[in-house]
Amino acid sequence: MKIKPFGILPAMFMLILSVGLVNHVLVVPLLLDVAKRDAWISVLAELAIVLPWVLLPIYGTLKRMNGMAIDKWLAEYIPRWLAAFLIGMLLLVQLCTALETLITTASWTATTYLPNTPSIVVCTVFLGLCMFASISGLRVIAYVSCILLPIVVLLGDFVMSANMPHKDYHYLLPMLERGPMPVLHGVLFCVTSSCELFGLLFIQHHVKGTFKRWHFIVLVLFLALLTIGPVTGAITQFGPEEAEDLRYPAFSQWRLVSIGKYFEHVDFFAIYQWMSGALIRISLSIHILSEFGPMRRLRRKWLSSAVLGVLILIASGIGINHMIFIKELFMVYFQHVGVFVIALTSIIWFVSFFKKGKRAKGNTRIAINGSEEAEQT
């Protein structure tokens, strides 16, 4: 799949919108449910895991890939079937990402501003937009992110500032009132949301320039800020007991916004924020699945996106009708997938060291044999 390359900044904007949706919206109610008042401590604690992960396995792997597609690069290090298995596991996470986003978006839409519209209609229309973006190419998705993200950030700063009179930061204390276990449990959820940065491994060969360590530090810190903002906002505005019962804490904070007597009910801005992140998140997942999935050999590249879209739509339609089960499934997903992704990416990183050592030994043997032949002559 030939894609015109784009710069590092559009790639970072695309990842911030994609991963930022789960950090800012999807993981917040789950985090408040398990960590309660100490949810904000979990966000800070996860940095001790995520920062070393992005600076060692992710950065190290990207550096060794040197612009090669991950499937071709990995096949040079290990047998093709094993490379396909490892990539397939990561692609499965990408598929779950698309399903999780579409189901949650449709459920939120039906709950808030389109209660009389069938959820399957919402899924079909929105998924159609995502498929169109995916077919248009990764470069288009990246540059659309550059348009959407600045407005999303400005709106986030607006809602944070407008709600300052409603906040009571005494609700954040006392810390660790239930002991360290809820905080550690919450760390698993935060790690899973931030570990979606592994998507860089699948798009780096389309990016001009070289990623530096400070790029990853900025990404991780910004994403942590996106999580700690709505978490502390929900606790300080609604109280810890009420906050953990909210289904959409970030959206609920928009409903409190009022400036003077005549400026209120601006929660429609939240629709723009959510839909911007969901569009980029699902489009990026479909594109990665199309490029590296089993249907990539189709002559017409749009067919793979279309088939994936239909499969995602069918699965989402089933999931929407079983939301209690889906919510329990999400809880299990967020508890375990982060550890799973860290393990997989660490294995891939370790494999790159093994191949390098093997080559070095081969080069040493050639040099020794060459010197012996020279002495004999």
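Please read every residue number as a count from 1 along the shown chain.
Yeah, the Cβs are placed from backbone N, Cα and C, and that goes for glycine too.
Here is what TrEMBL records for this protein:
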- 7-27: transmembrane segment (TRANSMEM)
- 39-60: transmembrane segment (TRANSMEM)
- 81-103: transmembrane segment (TRANSMEM)
- 115-133: transmembrane segment (TRANSMEM)
- 140-162: transmembrane segment (TRANSMEM)
- 182-203: transmembrane segment (TRANSMEM)
- 215-238: transmembrane segment (TRANSMEM)
- 271-290: transmembrane segment (TRANSMEM)
- 302-324: transmembrane segment (TRANSMEM)
- 330-351: transmembrane segment (TRANSMEM)
Remote residues contacting the transmembrane segment (7-27) - C-beta distance under 8 A, at least 6 residues beyond either end: 97, 100-101, 104, 141-143, 145-146, 148-149, 152, 156, 189-190, 192-194, 196-197, 199-200, 203, 207-209, 211, 215, 218-219, 222-224, 226-227, 229-230, 248, 250-251, 274, 276-278, 280-281, 284, 334
Long-range neighbours of the transmembrane segment (39-60), counting only residues six or more past its ends (CB under 8 A): 31-32, 172, 175-176, 183-187, 189-191, 194-195, 197-198, 200-201, 211, 213, 216-217, 219-221, 224, 227-228, 231-232, 235, 342, 345-346, 348-349, 352
Among the ranges 81-103, 271-290, 302-324, the one whose Cβ pairs under 8 Å to the transmembrane segment (182-203) are most numerous: 81-103
Contact check, the transmembrane segment (330-351) vs the transmembrane segment (81-103), 3+ Cβ pairs under 8 Å, seq sep 6+: yes
Selection from 115-133, 140-162, 215-238, 271-290, the stretch that has most Cβ pairs under 8 A to the transmembrane segment (302-324): 115-133
For the transmembrane segment (215-238), distant same-chain residues with Cβ under 8 A (at least six beyond the ends): 8, 12, 15-16, 19-20, 23-25, 27-28, 31-32, 37, 39-40, 43-44, 46-47, 50-51, 54-55, 58-59, 156, 160, 163, 166-169, 171-172, 190, 193-194, 197, 246, 249-250, 252-253, 256
